[in-house]
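Here the structure is laid out as structure tokens; the discussion comes afterwards.
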């Protein structure tokens with residue numbers, strides 16, 4: 001219901017935009033008021049999401065654009081490639097779309113990242129709108145302007161920082177999300193507690209059962225607070241020169257898990273969940289947090305239906321394999337791995353750690 | 001000689017940078033002082049330019065970067081494609097290059113545009129330096145931050161606005177440039193007169209013989225003044241929302257010529273030269289400038305060794321073919337062609353024109 005809609009503003013000067021959050025927003029024409037004028041729009045979706053929501057979005061946009069084109073990409077992280085991205089450019093050029101054409105990303109993180117990068121690059125930049133249909137993309141990937149595609153040698157290695165004109169988070173669409181993907185999204189929600197807001201963490205502990213039951217008021221609060229925290233961090237550091245890195249709590253280990261298992265075997269949020277446990281344990285062994293904090297985090301992650309241990313990536317030398325994968329991560333500099341650690345509950349810090357200690361953590365946290 | 005070096009500053013706030021202009025600068029370590037620190041650099045060049053200058057550039061950078069990689073792309077506009085761009089990402093990832101790695105574009109516009117787009121996109125942005133080796137790239141494409149690649153359906157359709165950290169214009173390298181390419185570069189030099197500075201145009205009329213003889217003081221002045229004018233325009237309108245379009249004087253017709261003939265048959269500067277004549281003639285027929293101005297422009301273009309007529313693109317309906325190609329140009333909006341016209345000598349204006357009048361101009365200016 002539109003009257004329940006909430007808003008979060010992302011303050012980035014000329015690139016500021018609004019996130020609107022609520023039930024039924026996707027199909028509401030008012031959700032798209034005030035967007036740049038254009039004669040054409042392109043809805044980019046995938047073969048899973050389009051049958052569910054593309055018609056409703058198109059209907060909501062009718063009257064705003066005289067031509068509305070649609071493109072369905074294949075579903076899945078393995079299709080986050082240049083070859084598939086090229087299809088967006090193909091449609092735009094075949095239809096003679098000009099540099100004012102507005103792109104709508106209707107789907108999860110893969111659709112959002114690819115559509116965003118296409119918008120950043122088509123004629124050197126056209127407007128785009130995020131309509132995220134997964135919890136993960138509502139609380140994380142659709143906010144902050146990171147766009148991109150994978151390269152055979154690494155994930156998200158090619159892309160752009162490019163801000164959407166708006167993010168429309170329709171909470172009703174989460175009802176159709178598979179349980180495993182819903183849990184994966186909760187990993188990023190949980191993340192915001194240890195790095196920024198332990199009151200939110202306390203609330204998550206009290207509300208995890210409601211969230212797992214898709215209780216709408218709880219969902220709205222979880223999405224809004226996640227977006228608020230991300231907005232605050234991104235507002236301070238749009239291009240990830242420093243502070244923004246704290247959003248990657250759990251991601252250094254998590255990316256190694258995703259890459260080591262082969263993309264798609266573990267969901268991103270699952271890798272982040274196990275990665276947060278490992279990063280928290282590393283923080284503990286460095287004397288930054290106590291065992292109680294780690295246990296609380298592990299318990300909350302478990303209640304969200306997420307893994308609390310990393311997988312064995314190499315039977316012979318598992319820790320070495322993790323380290324090797326982490327050294328290839330985007331955040332590493334001159335081969336040094338940068339970890340996002342918890343300095344104290346509610347506050348993150350980015351720093352390196354001795355390989356020996358990291359190996360011990362990997363050994364303790366994988367099975 | 002370094003003592004002769006001149007500088008132009010591009011003022012874009014946090015993205016400001018310097019253009020250094022002079023003889024012998026490419027091989028001078030001081031040309032690269034003050035660039036962001038990094039452990040690695042990648043010199044991207046092509047098979048024509050690399051044998052001439054890559055060793056000298058590498059030598060100048062030794063001591064600044066502990067690892068210097070090199071990549072040679074195939075030479076030619078037809079290789080300005082995603083497939084070839086991918087080779088830059090391949091090398092960067094194979095060598096484990098981090099997000100501080102500095103890319104050096106050593107070559108003409110194609111190398112500069114591709115290296116710039118690779119820098120804009122690799123890990124969502126790494127620093128890059130332009131070392132343009134053609135007159136065209138020194139006075140135009142290396143300044144202003146336009147980067148990109150071609151798509152089978154259109155030129156420069158995929159790219160980014162992304163500023164270099166520095167532009168190093170070594171005038172000595174122009175000595176090895178083929179005469180036809182040197183002339184093509186002069187087209188963009190001549191352009192700056194009618195759109196912004198008729199004193200410069202007067203000077204070009206007096207100095208064209210010196211320029212054609214590669215006289216170094218004349219070259220330095222032509223390059224510096226061209227960069228200054230471009231810098232001023234780009235400083236006002238980095239992302240081409242309005243004013244910057246005046247830099248495309250001659251380009252709407254010129255792009256149609258390039259596309260209609262097949263890319264590479266006419267050089268970009270040759271298309272722009274004939275395109276400027278057509279745009280000037282259109283301006284005259286709209287009552288904006290007089291015949292004397294058009295004749296002066298035609299004469300200067302001819303003295304620079306450039307074409308003063310457009311080619312016949314279609315034996316049956318040439319004007320229709322030009323119009324069709326121009327409607328597909330990036331600058332067109334909802335199918336309306338936007339022409340950069342001369343409102344009065346030294347002042348450009350962007351506007352549309354009746355198809356009938358444009359057709360008459362095409363008929364009069366092609367053979």
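Yeah, the Cβs are placed from backbone N, Cα and C, and that goes for glycine too.
TrEMBL annotations:
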{"type": "DOMAIN", "residues": "B:71-183", "note": "domain '3-dehydroquinate synthase N-terminal'"}
{"type": "BINDING", "residues": "B:75-80, B:109-113, B:133-134, B:146, B:155", "note": "NAD(+) binding site"}
{"type": "DOMAIN", "residues": "B:185-332", "note": "domain '3-dehydroquinate synthase C-terminal'"}
{"type": "BINDING", "residues": "B:188, B:251, B:268", "note": "Zn(2+) binding site"}
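Counting other Cβ atoms within 10 Å of each Cβ, the lowest count among the binding-site residues B:75, B:188 belongs to B:75. Secondary structure counts, DSSP: the domain '3-dehydroquinate synthase N-terminal' (B:71-183) has 47 helix, 34 strand, 32 coil.
Here the domain '3-dehydroquinate synthase N-terminal' (B:71-183) returns a mean pLDDT of 95 for the predicted model. Most Cβ neighbours within 10 Å, among the binding-site residues B:79, B:155, B:251, B:268: B:268 holds that distinction in the structure as shown.
Taking B:109, B:111, B:113, B:155 as the binding-site residues under consideration, the smallest Cα distance to residue B:251 (Zn(2+) binding site) is found for B:155. All protein chains shown were included, and the count of other CB atoms within 10 Å of the CB of residue B:109 (NAD(+) binding site) stands at 24.
The Zn(2+) site is set by B:188, B:251, B:268; from the centre of their CB atoms, other residues of the chain with a CB within 8 Å are B:136, B:140, B:187, B:191, B:248, B:250, B:254, B:269, B:271, B:272, B:275. In sequence order, B:80, B:141, B:146, B:147, B:148, B:149, B:156, B:159 make up the list of same-chain residues 6 or more apart from residue B:113 (NAD(+) binding site) whose Cβ falls under 8 Å from its Cβ. Here the Cα atom of residue B:75 (NAD(+) binding site) is found 15 Å from that of residue B:268 (Zn(2+) binding site). The Cβ of residue B:77 (NAD(+) binding site) has B:110, B:150, B:263, B:264, B:268 as same-chain neighbours under 8 Å, each 6 or more residues away in sequence. Of all the Cβ atoms in the protein chains shown, 27 others lie within 10 Å of the Cβ of residue B:134 (NAD(+) binding site). Residue B:111 (NAD(+) binding site) counts 32 other C-beta atoms within 10 Å of its own C-beta, drawing on all protein chains shown.
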